[in-house]
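**Q** Would you mind keeping the following structure in view while I ask a few things?
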Amino acid sequence: MFRLYVLVMGVSAFTLQPAAHTGAARSCPVRGRHYKREFRLEGEPVALRCPQVPYQLWASVSPHINLTWHKNDSARMVPGEEETRMWAQDGALWLLPALQEDSGTYICTTRNASYCDKVSIELRVFENTDASLPFISYPQILTLSTFGVLVCPDLREFTRDKTDGKIQWYKDFLPLDKDNEKFLSVRGTTHLLVHDVALEDAGYYRCVLTFAHEGQQYNITRNIELRIKKKKEETIPVIISPLKTISASLGSRLTIPCKVFLGTGTPLTTMLWWTANDTHVESAYPGGRVTEGPRQEYSENNENYIEVPLIFDPVTRKDLNMVFKCFVRNTMGFQTLRTTVKEPPPTFSWGIVLAPLALAFLVLGGIWMHRRCKHRTGKADGLTVLRPHHQDF
C-alpha cells in the first residue's frame, strides 16, 4: 500500500515520461517474490494478478503508472506483439490456454516518473494427470461431526462481475448429484456445504467452473485435498474462584483471580471475562486503575484450567461499592460468579485489652489465696502448742 501511495503521489509533481528516459528505468529494484505460487493445469485459463496493484485499486492507480510484464528476467516484455494466447488487462496477465512451456517466473514492474519496483510470481503448469494431483491440490481441513464448508479457491479473476458462474463438484472424480443430502453446492457461490462431516469424507475433491471467452468455453479446475480432524472435546465450565467477598485495605494492590475448571475440555473455545456493575471493566475504569490481567491456560493432574485476574492498583473506596462478576462461556454452557471488595475488620481487639486485666486478676487472686492459706496454717500451729498446757492443767 505504501508503494501504491508513492506511485500515485509522484504524478502530482512530475509528468509521466517514457520509461527508457527516466532514472527509475535505470534503477528498478526487485522487491522480492510473491508468497503464493500459481500451480495450474495445462489447457485451462490462467490469470496472474500483479501483486503491487490489487484489483480494487486498479481504476484509481492505472492512470498514474506504467505496468509491464517480463518472464525469467528477459528484457523482452510479455505478451509479445504476435502473441495471441497472452494479454494484459486490468493489472493481470492472462494466458488462455496455458501450456507447460509457460511455466516460469513472471515479473511485474510498476513505475512512474519518480518510482519503480518489481515483484515476481512463480507459475507452474502441469499436465492434467493423477500424478499431478498432490502438487496442484489445495489442502482444506474440516472437523469431525460438524457442519463444514469447502471453498473452490482462486476464482476471483474469473467470477468477477459475473453472476451466472456454475461450479460442478466432484469427489474422487465422481460428480456430486444435486439431490445429494450429504453435499450441497450453493448456487452463485464457490461453496460446497458438507453435512455431518465423517472420516470417510476425506479425500480429493474437484470443482470445475465453466468460463466463456470470445464464444469459446473453457474449464477452470481446482483440486482440493480434504483432511478431517477430530473434534476437540468440550465440557461445561465451572468457576471455582473467587470467593463472594474479598478483604482488602484501601491503598493496597489487589489481584482477584477468576479460575475456571474445564476438565478434559479445550480452553481454545472458552471465553472468560470480568464486569464491574454489569459494565466491561475498561468502560467502568477508563483510567486503567482496575484492569483484566493476561489470560492463563494450564493443566493440573491432566485437567485443564483457565484464569483471568482482576487487578486493582490500588484499591479505593469506589471499589467497595462495586459488584464484580466473572463470566465464562463456551458451546457447552455459561456461568457467572459475583464478588465484592470489603475493608478488613478493625485490628483493635478486646482480647488485647482484657488479657492484661485477666493476668492481673490471676496474680491478685494468687496472692489472696496464698495469704489465706498461710493464715489458716498459722491457726493450726497455735492449737498444737496449747495442747501440752491443757494436759498439765
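Any Cβ shown, glycine's included, is placed from N, Cα and C.
Residues or ranges marked as disulfide bond in Swiss-Prot: CYS28-CYS116, CYS50-CYS108, CYS152-CYS207, CYS258-CYS326. Swiss-Prot lists 29-120 with the feature domain 'Ig-like C2-type 1'. Per Swiss-Prot, domain 'Ig-like C2-type 2' is recorded for 134-221. The transmembrane segment annotation in Swiss-Prot covers 348-368.
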**Q** In whole Å, note down how far the CA of CYS108 (disulfide bond) lies from the CA of CYS207 (disulfide bond).
**A** 29
**Q** Based on DSSP, name the secondary structure state of CYS258 (disulfide bond): helix, strand or coil.
**A** strand
**Q** Let me know the DSSP-derived helix, strand or coil state of CYS152 (disulfide bond), please.
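**A** SS state of CYS152 (disulfide bond) = coil.
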**Q** Calculate the distance in Å between the alpha carbons (Cα) of CYS108 (disulfide bond) and CYS258 (disulfide bond), and round it to a whole number.
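**A** Counting only the Cα atoms, the answer is 54 Å.
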**Q** When you measure from the Cβ of CYS258 (disulfide bond), which residues in the chain that are at least 6 apart have a Cβ under 8 Å away?
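**A** In sequence order, the residues whose Cβ lies under 8 Å from that of CYS258 (disulfide bond) (at least 6 apart) are ILE239, SER241, PRO242, LEU272, TRP274, GLU307, VAL308, PRO309, LEU310, CYS326, VAL328, LEU337.
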**Q** At the Cα level, what's the spacing in Å between CYS50 (disulfide bond) and CYS116 (disulfide bond), rounded?
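**A** One finds 14 Å between the Cα atoms of these residues.
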**Q** Could you check what DSSP calls CYS108 (disulfide bond) once collapsed to helix, strand or coil?
**A** strand
**Q** Taking the domain 'Ig-like C2-type 1' (29-120) alone, what is its mean pLDDT?
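**A** A mean pLDDT of 87 is what the predicted model shows over the domain 'Ig-like C2-type 1' (29-120).
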